[in-house]
Amino acid sequence: MTFLAILFVIAVLLLLAQLPVIGFYIRAVYFGMCLIIGGFLGGLASIPFGKSPNNHFRMFKIFQAMTWPMGVRFELRNSEILHDKKPYIIIANHQSALDVLGMSFAWPVDCVVMLKSSLKYLPGFNLCAYLCDSVYINRFSKEKALKTVDTTLHEIVTKKRKVWIYPEGTRNAEPELLPFKKGAFILAKQAKIPIVPCVFSSHKFFYSHAEKRLTSGNCIIDILPEVDSSKFDSIDDLSAHCRKIMQAHREKLDAEAANLNI
């Protein structure tokens, strides 16, 4: 009887999911649950290994498997650039929570992510983030943010870590990238390491919070050649250059993605 009841609930949810707005909320809640449960299970699986950036891969495998039914597919290009063993800063455009899924396909070894401090309170996810040695930054306190930069710099130098940063600092669904925050570029200049730009094509073809739309779709992830931070006289020049090449490439990828999502 219980089994039949479960089947009935699943059938009802599948039918409701066909209605655009209701389907959006069902898929959004499902994605959120995948993030929490995937993080928790990935965290549990990582406990025997202690804190390590490479624990990310356990969570990512679980998360990718759980979200597969959603039908959002990612095509990774130029992944060989990520295989470099030396430390670098990887910067990516940030559009939505779906970026967590996208980054799982482009994640290099020995890499930590810089997260906004509020995420440390997200159940399940916070366990995995702790065991993955993630870095939390307080965007509303300059003093605390600078302290985080100093700590991260020490990790890069002593442990040869790579760091994943979203330089826009917040989600941005618009075609034009937001002005970049300086943290990633300060780190690159002070640590004397390159920056590797990572560009995601627009999610607009399958996701829109404003339109309450979340469907299956395709996203392109392209890894651009590394940028030598030592060749720029100032942090502002380095930031402006990275933003310029990422903006141009984003527009190119969006044109391709439009054809993939017809």
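From the backbone N, Cα and C atoms, a Cβ is placed for every residue, glycine too.
Model, not experiment: these values are computed from the prediction.
Residues annotated as transmembrane segment in Swiss-Prot, with sequence analysis given as evidence: 3-23 (among others).
Here the transmembrane segment (29-49) has Cβ contacts under 8 Å with residues 55, 58-63, 66-67, 70, 97-98, 100, 122-132, 214 of the same chain, all six or more residues outside its ends. Residues or ranges marked as transmembrane segment in Swiss-Prot: 29-49 (among others).
Among residues of the same chain six or more beyond the transmembrane segment (89-109), those with a C-beta under 8 A of the stretch's C-beta atoms are 31-32, 35, 53-54, 56-57, 59-60, 63-64, 67, 72, 74, 76, 79, 82-83, 162-168, 170-173, 177, 180, 184, 187-188, 193-200, 202-203, 207, 209, 219, 221, 223, 242, 246, 250. Positions annotated as transmembrane segment by Swiss-Prot: 89-109 (among others).
Feature annotation from Swiss-Prot assigns motif 'HXXXXD motif' to 94-99.
Counting residue by residue with DSSP, the motif 'HXXXXD motif' (94-99) contains 1 helix, 0 strand, 5 coil.
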